[in-house]
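Written below as structure tokens is the structure these notes are about.
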Amino acid sequence: MNRLIKIVFLKEIKDMFRDKKTMITSLLIPLLLLPLISFIFGKAMGGSKEAVDKNLTLLLNDQGKSKFVEVIKQDSTITIENVDDGRDEVKDGKKLIYIEIPKDFDEKIAKNENATLKIFYDNTSQKSNIAMGKVNSIIEVYSNSITSEVLVEKGLNPQILTPITIDKESFEKEDNAAGMFMLSFLVPMFILMYSVQGAIAPATDLGAGEKERGTLEPLLTTKAGRASILTGKLLAISTMGILCSVASLIGLVVSMKIPGSIFLMSGSEGTSLAIQPQAIAVIGVLSILMTIVSAGICLTISMFARSFKEAQTYMSPLIIITMLVAYGTFAIDAKNMPFAYFSVPLLNIVAVSKEVIAGIFNYTHIGVTAGWLCIYIVLSIILTKFMFNREEVIFRS
């Protein structure tokens, strides 16, 4: 490294590490945000299911003293509360579910006729939906037992109702499937978000911030030429951005190990959720390349801006754009990616990330994406150099 570039680089890095705001934004938040989000969401969602599974108060209006009530009572986790009408309580969220058993319910079953149960629940409530699923399972078991009894009475084998038995076998453990789906969405989003976020704070400070403080002009009068100053600044911003991306990846690994997190929410003690080391390496390389692109773009915007606040205003849409791309690809299947996706900016990073998380290592796709990122790096550096060499841009107020 050129001596002058090294001096500029070390100066900027030291200044950034002295700035508490930059350290919190670029390192602390990326490190802690994903573990906190995954733990809070996991606990909230897991807690709702656990609460209903352990103790469910069921509102009941049994108009004909049905035998089905005795079936419900066999589940020790369900408490029956007899009411005349429980619809309002369910609607207001005071209770989760209300069942109305008609007077002729058992009579119709005895005549081998179709009997109807009226169930009221709130489909906008997570707990009410869980309660509905629990009650539905009890009804299904009871319904099957009635059908079996009728068939046996007629001398028929109950198995004739299920002539085909399905033996399902998945390539991913069932307990891991939900966690892997969440990973395939969150990892690309955080790669894009922190590759940009990590560059925004230092770029704003080293460009518009220095212009506002009046420290850029003295720096330009030193022995270091503009090329050395620009290179040193770009390296410093890229380094901070890479540290931000690394912090977010560490946060991701930590969040996958936290018991009760959203990734392990449905898993048992033996459940293991992990990304392959090769996948982490590919994701890491993409993060670094994307960070360098972001550093060039952010420094260009920062140099163009008249003030610190103006630079922040110009850069804020960058985060929104990256999040929109990540959210827009939420439902895309990692195993059926059109080749064109790997030539679209930002979308190609999401596509490759989804593939490697799913265990697909298509080196053509990885190579095309990395190649485009290298082209973006060159273009962003050319654009930054162009802006940095224009007096009317640097000294405009």
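Note that Cβ sites are derived from N, Cα and C of the backbone, with glycine treated the same way.
A TrEMBL annotation is a machine prediction, not a hand-curated record.
If you look up TrEMBL, you'll see 20-384 marked as domain 'ABC-2 type transporter transmembrane'.
What TrEMBL lists as transmembrane segment is 23-41 (among others).
The transmembrane segment annotation in TrEMBL covers 177-196 (among others).
For 234-258 (among others), the entry in TrEMBL reads transmembrane segment. Counting only same-chain residues 6+ beyond the ends of the transmembrane segment (234-258), those with a CB under 8 A from a CB of the stretch are 5, 8-9, 12-13, 16, 22, 26-28, 30-35, 37-39, 42, 179, 183, 186-187, 190-191, 194-195, 197-199, 201-203, 206, 264, 273-275, 280, 283-284, 287-288, 290-292, 294-296, 298-299, 381, 384.
Residues or ranges marked as transmembrane segment by TrEMBL: 279-305 (among others).
Under the heading transmembrane segment, TrEMBL lists 311-332 (among others).
Annotation source TrEMBL lists transmembrane segment at 339-363 (among others).
Long-range neighbours of the transmembrane segment (369-388) within the same chain, counting only residues 6 or more positions beyond its ends whose Cβ lies under 8 Å from a Cβ of the stretch, are 226-227, 229-230, 234, 285-286, 289-290, 292-293, 295-297, 299-300, 303-304, 342-343, 345, 348-349, 351-352, 394. Look at TrEMBL and you will find 369-388 (among others) tagged as transmembrane segment.
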Non-local residues, at least 6 beyond the ends, that sit with Cβ under 8 Å of the transmembrane segment (339-363): 180, 183-184, 187-188, 191-192, 275-276, 278-279, 282-283, 286, 290, 321-322, 325-326, 329, 332, 369, 372-373, 376
